[in-house]
Amino acid sequence: MVENGRMTMMMRRTLVGAVAIVFIAAALSSITAPSYLNFSLLFKDPNSCHCPPRDQNKYTGLIEDCYCDYETVDSINGEFLYPLLQELVTTSFFRYFKVKLWCDCPFWPDDGMCRLRDCSVCECPENEFPETFKKPWTHGLPSDDLVCQEGKPQSTVDRTLDSRAFRGWIVTDNPWTNDDETDNGEMTYVNLQLNPERYTGYTGPSARRIWDAVYSENCPRYSSGEICQEKKVLYKLISGLHSSISIHIAADYLLDETTNQWGENVELLYDRVLKYPHRVRNLYFTFLFVLRAVTKAADYLEQAEYDTGNRSEDLKTQSLMKQLLYSHKLQAACPLPFDEAKLWQGQSGPQLRQQIQKQFRNISALMDCVGCEKCRLWGKLQVLGLGTALKILFSVDADNTPVQPLQLQRNEVIALLNLLNRLSESVKYVHEKGPSVEKILGEIDHVTYEDSTRKRMWNLIDGLKFRKRL
């Protein structure tokens, strides 16, 4: 028995010594050995879901599940789509959006706008509006005018009046979204040019809970081989939209509240988007998905009534739409951005479509739980835009034939084109700013990661020494 005990003790000491030698060798090798022999990679933080970016040209070749490559998308977007869309969304037709901003959250008690002073809005009485504001096509309150607005201007929504904005269009609900867009009684008109998507100060548990509910309950993160293509598409669309929203917040950020200094927050851009390559890839995927919906509805959108009462503006809108829909440059560069025909195949196709449609309606309903009014505005607009894209591409029966001729509301068209513009801006921003930001912050992140890894190893070695003394 005594001999056995000595043998066991010797084996334990030998094992402890061997482990300690491995850790010491790993620590030294991380300093002296070339990168391909860096043993510190063996002790990567299990909670880390990425590697520090090393390849600045990782976004090349075909975009996953699409028929265009990154290089072509960056080129055609920068040269053609971006400048055209920027001009299109400023026209009288596309600058006004009808939205229901005051809604109860259907999923949990409302803890939003009324308790967030920075995100609240004071509705102006009718007699406070100048007479010129009541006429069509006025610009409403300037973005820097705090008349009858409570809190910070970046969080509030300017109103404007547009009595002729929605005439001549159908009123039917979108089956992919939760809102009743036909309920004019609870809707208000908003001038999108006065309410840019940017930082609002809406952060913390309330904001995180929205995205947690979106992902965990409606489009959970997929693993390779563990989810069908249709559900994978839904996740990538939401992830791409999430990336785009984060990019716009980082691109137009309140850097100093005391001096009202605005600018770029590249650290936020890196931490929320660039640090995770799949988020960038999903952004490109969502951009092509929405672009495919717009081009597929070309015949309908060409014939649509862009009547705002301002003839010169309306002619300009029609001209810009035709340039977008029938561009030879775009058709030559990317004739089929996304092929929706490959989805909903097999006997389970109709049931799967209903399931995903229900999940997207839930996501749409979650926008009523957003506690910041301006965030809710852009959340509703962009989710409606995605829902319109889904409606265009997937309103088909079991044989993949259209259930009925395509019909779109004016509000759906406004949301669709404004969403495409938002995604176009994000893609351009990532393409132009991403490599330099990744090079600088990625190297800092890499050094920090290496230092923390070494620290963990030496702590483990000290712990092993302590146990050996015991």
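Every residue gets a Cβ built from N, Cα and C, even glycine.
TrEMBL does not curate its annotations; it predicts them automatically.
Per TrEMBL, disulfide bond is recorded for C114-C119 (among others).
When other Cβ atoms within 10 Å of the Cβ of R272 (FAD binding site) are tallied across all protein chains shown, the result is 18. Residues annotated as FAD binding site in TrEMBL: R198, T200, W211, S239, H242, R272.
According to TrEMBL, the feature disulfide bond maps to C372-C375 (among others). Taking the Cβ of C372 (disulfide bond) as centre and 10 Å as the limit, one finds 25 other Cβ atoms among all the protein chains shown.
Annotation comment: TrEMBL describes C372 as active site, nucleophile.
The active site annotation in TrEMBL covers C375.
Within 10 Å of C372 (disulfide bond), judged by CA to CA distance, lies none of the binding-site residues R198, W211, S239, H242, R272. All chains included, 23 other C-beta atoms sit within 10 angstroms of the C-beta of T200 (FAD binding site). The two recorded residues, R198 (FAD binding site) and C375 (disulfide bond), show a Cα separation of 9 Å.
Using CA atoms as reference points, the binding-site residues T200, W211, S239, H242, R272 were checked against C375 (disulfide bond), and the closest is T200.
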